[in-house]
Amino acid sequence: MSLERCLSFSRAALRSVCFTKQHLQGCVHICLRRSSTMSQAATPILSVFPSRALVDEKFKVLVENLPPGCPVTIHSLHHSEDQDYWEAYGHYISDDRGKVSVSDDLSFGGTYTGKEPMGLLWSMRPVPGSRKGLRLRKMNVCTPMLMDISVYSRHEGFRDQAPLASVLIERWYMAPGVRRIDIRERGVRGTLFIPPGPGPFPGLLDMWGGGGGLLEYRSALLASRGYVALALEYFSPGELQTAELEFNYFETAFNIVKDHPQVMPDRVGIFGLSLGSIVTMALAVESRVVKPRCCVCISGNHCFPPGRTLAAVTGEVDMNYDKVRVDENNHHIWRDVGLAIMREPSSKLDMGKINCPILLVNGHDDQNWPTVESAEDITEMMRAAGKEHLLTRLEYPDTGHLIEPPFSPHFRATNFIVNLTKEKVIMLWGGQTKPHSDAQEDSWRRILTFLQQHLYCSPSPKAKL
């Protein structure tokens, strides 16, 4: 699909926030009269600072040299590695000096409203007419995510015209100087990221969820923040049912990080999301080899049945697969599967045996798994064992399962391959875009603080409920 065709998709609806429709129409008419002389006036100037930054850093977008009181649309566009287009946009009105600042001014409509400095990123969605169930993830972290930021005159019909000005920006997961090393040793598959500088650094074993494959972007970002991070691949997409990996695979991966000459061997933690969080908790509780300094678990649970293989975990899901619900959009909801598994005490880890600080990050609108209920059960177990002081919980309203690094788009429902049937379905993860995006920004800041406290510093751990 060409960029020109993408920009010509269906018109966006005008949504008013603080101004009445009549007021906005008046502004449009005023600006249209002025725009006829815009060619004789000063050319609008669009600036983005910084134009090159890490993905968790904020930017500022400023438009100058507009007519005062002029409706404009500021638009972002990204062409993904999967060859799909993603966009976001806000409708603004220039002030009496002919300026629009995305950081300071209100958006009156678009994919976000209100004062949202990073709305041009977190509200991104596939352009109209795209394939269903898409998820935007960076696979090649050695290159930046390129974003076209453009300003158009008017609100309605902005797609039908050429932009007044455009700027190309770069968003990076991997900071300058970070080293990327393929790991194929002792049977372990993954990618190691090492921060710039002589070290030594704290280390992290980083594990993703049930979608499988090798995902590097979070590890690259963690290395950019000062941690040697191993992005671990532990099964291929759609092959979880046959993944007979024993504990020693994960223990070996942990030790690869711990034994690296640029890692402080007594300051290695584990970071997991979804299925990766289950493995994280199992290692912290059951392993006699792995002694993590701390653990971060996003959208996880403590259901790890006897057998200690991934096939045992997926076997529990398969036995309760009849509990899967399908909503009116044909989206699959797995929450009831998790609730059924949690009712069986033998399927749960004894979290009272954990001996390191653990951070649980969950959303109250998680439609994939009962993660908040799991966190409550974990709290009771640790309290009964006198270890509640090791627990920190972060929970967010209207937030779903896929809690990503900040300013990532919100994915409420995406394509997923069911390991039992090999069927491709659309999985409902949950969340509402604005609160979910707020949760991603806040939780990342708190995760980095947690890691700083327990891997770089050594104060006594304190719980925050």
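Every residue, even glycine, has its Cβ placed from backbone N, Cα and C.
The domain 'BAAT/Acyl-CoA thioester hydrolase C-terminal' feature in TrEMBL is assigned to 246-456.
Per TrEMBL, active site, charge relay system is recorded for SER274 (among others). Neighbours of SER274 (active site, charge relay system), defined as other CB atoms within 10 A of its CB across all chains, total 25.
Taking Cβ-Cβ distances under 8 Å and a sequence gap of 6 or more within the same chain, the neighbours of ASP366 (active site, charge relay system) are SER299, ARG335, VAL372, THR399, GLY400, HIS401, TRP429, GLY430, GLY431. What TrEMBL lists as active site, charge relay system is ASP366 (among others).
For HIS401 (among others), the entry in TrEMBL reads active site, charge relay system.
For HIS401 (active site, charge relay system), other Cβ atoms within 10 Å of its Cβ number 27.
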